[in-house]
Amino acid sequence: MPETSVKVSKLSWSPNNSFALEGINFELQTGKVLGVIGPNGSGKSSVLRCLYGYIKGWSGSIKLFDKPITEYSALEVATKVAVVQQDTPSNIHLTVEQLVELGLTPHRPLLSLQRPSRVPVLEAISKVGLADKSHQDFHTLSGGEKQRALIARALVQQPDLLILDEPTNHLDVRYQIQLLQIIKNLSISVVISIHDLNLASAFCDQLLLLNAGKVVAYDEPEHVLTQSNISSVFGVNCQVQPHPKVAKPHIQYCYELPTHFERKVKA
Amino acid sequence: MKNATVIHITGLMLLLISVFFSLSFGSVTTSLIDVWHAVSAPSSSDLLNRIVMDLRLPRVLLALLAGVGLAITGHTLQTVTRNSLADPYLFGISSGASFGAVIFTILASSVGVSASIAASLGITAFAFVGAAASVFLVLILAGVHQQLQVERMLLSGVAISFMFSAFSSLLLYFAQPQAAASVLFWGLGSFTQASWDMMLWPTLVVSASILVLRLVQPWINALQLGDETAQTLGVPVQKLRLGVLLVCSLITAVLVANCGGIGFVGLMIPHLVRMLFQSNSLLLSGLFGGIFMVWVDVLARIALPSQELPVGIITTALGSVFFIGIMSKKNKN
């Protein structure tokens, strides 16, 4: 396994006049967790979509495991990279086991009537704590259980790189922590976009802070989550202190907008 | 779904029993023992035997194929478009197929082509061209290269459906009264024309389509997660959707050509199967579609004392009652 899972250099993409990714550079060491943070519309999902080959027409260079992504076929990417998206259709008529089994799709021979082995499927379901719900219909699960089932589906894909787009959205704090613990314990390379900066600080090895399609900071959490970065990018006042229990920065918001931002909102 | 194998085997048994029992219904009184004798000695020249084997069996098998075909088409369309309202009618596939079949029927009647294997192939081919044309038009209108937008696709389907219906009506308006009358009756759906000669294409197409759809079932299931996620699983989304829609067109075309318009089955049966068994199984939808249509055909034969009811009228009436029932149940909940 190469030391670097992802290497992005000078990535630019401009789908229209109102938005563009410009000169994005970062890399992810194998087995580490990279958090992509930034305000709404800053380009987090677009960067992720470039990484799993969904967005085309960008310029620059994206290498997955030391090989340019352009040299991979869609199926090859699917055998190396698993993706859990922000939104999932609500009307999925599959049981948890059937849904998780879909993760085997890139590894199954095309046009085979043979049912694949259930062992990896049941292992993944048990890993995310849904063993007692494997026969339950997906649409009857709670929000947290649905996300865990989708993570299990991604794990069955046996990825070397896991990409998650805001997986903690719509989850209560217990499920947010539970989900991120599961991901952290996987010991594979992970790129995750996340809104909650304290969770990003606690669970990510490195952070990529984006604003308006550009990188503002890329480093370890204590160097990215500074008072000035948060104030200038998100437009909120805060205090950043070391977390009392874990050696990570912890942000306390002041719940008032800075004066220059208030003027901007009024205008 | 628990006990999937048991439910599938039970469905298959019910289908076989339905076929056997349905052979005893018709204008000539036939007991189950007569049916058994006929089935166990298929080549006997006895009159009752010939009625069962030459008139009723092809008809029951055609009804079975129509039920299976329409149910798997509806099931597949609902899955690939992630819309539980999708069926060949809503997508304009049936109207396109009917338009093709109407053109062939009017052309054939003007040049005096009678019922034959060639005529059966001709009407199926015309129906398929019409169905495939409507699929391409729907995809073009909905934006084939974009991510699937379900609303756009449904609206396009409705528009194309009305367009082809209007074309068919226009042709009928200018057609010879006799041809127009036969097309109108055919349009209501019926298995009265069934014979062993016409069984080849429906049997081939429905069987081959089930095999193909079953083989790509994992990919079709992946589409339920959304186009983008399916793509990250290595599924060639656009090609798969086009291929599946063409298979659905072929099934619809061969059934419209041979049985006319039979509405609501593709919409209703997959719903019913999901409701009863919490299952999204293609095969189970097919089995229950077959059982349903065999008994609808029995009803068509015995409902009126001296004549037959078109099956399309029965399926549409049952379908509307079914959906009113679902709506009122949902309102109560």
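Any Cβ shown, glycine's included, is placed from N, Cα and C.
Annotated in TrEMBL:
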TRANSMEM  B:12-39  transmembrane segment
TRANSMEM  B:59-77  transmembrane segment
TRANSMEM  B:89-111  transmembrane segment
TRANSMEM  B:117-142  transmembrane segment
TRANSMEM  B:154-173  transmembrane segment
TRANSMEM  B:203-220  transmembrane segment
TRANSMEM  B:240-269  transmembrane segment
TRANSMEM  B:281-303  transmembrane segment
TRANSMEM  B:309-327  transmembrane segment
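By the Cβ criterion (under 8 Å, sequence separation of 6 or more), the transmembrane segment (B:89-111) is in contact with the transmembrane segment (B:240-269), since 3+ such pairs are found. By the Cβ criterion (under 8 Å, sequence separation of 6 or more), the transmembrane segment (B:281-303) is in contact with the transmembrane segment (B:59-77), since 3+ such pairs are found.
The stretches the transmembrane segment (B:203-220) and the transmembrane segment (B:154-173) are not in mutual contact, being linked by fewer than three Cβ pairs under 8 Å (pairs 6 or more apart in sequence). Count of Cβ pairs under 8 Å against the transmembrane segment (B:117-142): among B:59-77, B:154-173, B:240-269, the largest is for B:240-269. For the transmembrane segment (B:240-269), the partner stretch with the highest count of Cβ pairs under 8 angstroms, out of B:12-39, B:59-77, B:154-173, B:309-327, is B:59-77. When each of the listed stretches B:12-39, B:154-173, B:309-327 is scored by C-beta pairs under 8 angstroms to the transmembrane segment (B:59-77), B:12-39 comes out highest.
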